[in-house]
Amino acid sequence: MTAPPPGNTSERRIAHLDMDAFFASVELLHYPELRGQAVVVGGRSVDQPVMEPDGSRRFARLRDYVGRGVVTTSTYEARALGVFSAMGLMKSARLAPDAILLPANFDAYRDYSRRFKTAVAGIAPLIEDRGIDEIFIDLSDFDEDSQSLARRIKQAVFDATGLTCSIGITPNKLLAKICSDLDKPDGITVLGMADIPDRIWPLPARKINGIGPKASERLGKLGIHSVGELAAAPGELLVRHFGRTMGSWLQQVAHGIDERPIKTSREPKSISRESTFQRDLHAKLDRDELSEIFTGICLRVADDLARKGYVARTIGIKLRYADFQAVTRDITLSTPTADGRLIRKAAGECLKRVPLDQRMRLLGVRAGTLLPAAELAAPTAAVQAELPL
Ligand code: DCP
Ligand code: MG
């Protein structure tokens, strides 16, 4: 059996969409006369605009601000003056004294957040919600080319909100998140694995989500500044300085590798079934009856998994004794499954690890660490098929 070539048709298509200057842009919808100006969101409600007798609005200016508040976000015109999120308002007043200051209005931001997500869901429903102004979208099932899909999604967001966003479309979440930021505002960036050396390696390592200020400082001390330098660093050097888990993660992400699936909000964390017995049962004395109930529960869990389209990586049991004490045990499978017999076998292993001298009143089986069955890669399925049952 030969492995599929890299970059074959099974490559996923994942988009990351991030709204442009989100809070500030929502404010501009309410105060269109501020368009094109340096505007900062932050501070307190005392800085609310005041309506003048002639019907015009009087806005607070950054230079008049006194206090310890910080910039929540700023328009791109304010950013051009050096004013960014998390900067102290008084410090930013020195850079942009004439900038308009508006207090945050979270109810409006939440409302627009819902609107843009609903608009995207109308086109592509496989969405992972990443917070108020960003989402991942799985576009793997579309035939349409990425540029035109991105344009269509951006248009739907604009029609629903009057706001622009930026989109990155790539084979995974890691790269998509980086790419949505490469052409902001109102941008589209599409790239594949082959573009990594040209487009990703020149970027500073901290552009990778998960490499924070501390890690990038430590990398800097090792002479590693760009993603490309990280990709070229010897694995054992990274493991020595960051530990095995983080070290190998750093190596993977530097090569643009990221297998994490899209997690839609409706995705269950686990699927479980349990049964309270008509009378308390004893593991040895009521062995047959218990075994039949146990198998029944496992088959129902398998059924639920199949119906919902998931496989489970962990199988656990819950057991409540006659005295109402409860215990749980679980085990991790080497291959995720939705097969009733394998679930029964794994749950049986768990049962061997709990004390069974007391009678029981309830038994439950739980399938956890779920992933969509479709994501079990084809090669794994092929290997499974070759195993004797
Ligand atoms: N936000 C915040 N505090 C921060 C950063 C951001 O409260 N330190 C809020 C305000 C932003 C929103 O979250 O509008 C989204 O954050 P982003 O990082 O996406 O920033 P923007 O959407 O404002 O700008 P960009 O165009 O760079 O995405
Ligand atoms: Mg944003």
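Each Cβ is built from the backbone N, Cα and C atoms, and glycine gets one as well.
All TrEMBL annotations are machine predictions without curation.
According to TrEMBL, the protein carries these features:
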type     : residues  : note
DOMAIN   : 14-212    : domain 'UmuC'
BINDING  : D18, D133 : Mg(2+) binding site
SITE     : F23       : site 'Substrate discrimination'
ACT_SITE : E134      : active site
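Features per TrEMBL, on structure.
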residue : record                          : DSSP class
D18     : Mg(2+) binding site             : strand
F23     : site 'Substrate discrimination' : helix
D133    : Mg(2+) binding site             : coil
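Close to ligand 2, meaning a Cβ under 6 Å from one of its atoms, are these of the recorded positions D18, F23, D133: D18, D133. Sequence-distant neighbours of E134 (active site) (same chain, six or more apart, CB under 8 Å from its CB) are H16, L17, D18, M19, S180, listed in sequence order. Geometry remark: D133 (Mg(2+) binding site) versus F23 (site 'Substrate discrimination'), CA distance 9 Å. If you take every residue in the domain 'UmuC' (14-212) and average the pLDDT, you get 96. Non-local neighbourhood of F23 (site 'Substrate discrimination'): V41, T72, T73, A104, Y109, each in the same chain, at least six residues away, with C-beta under 8 Å from its C-beta.
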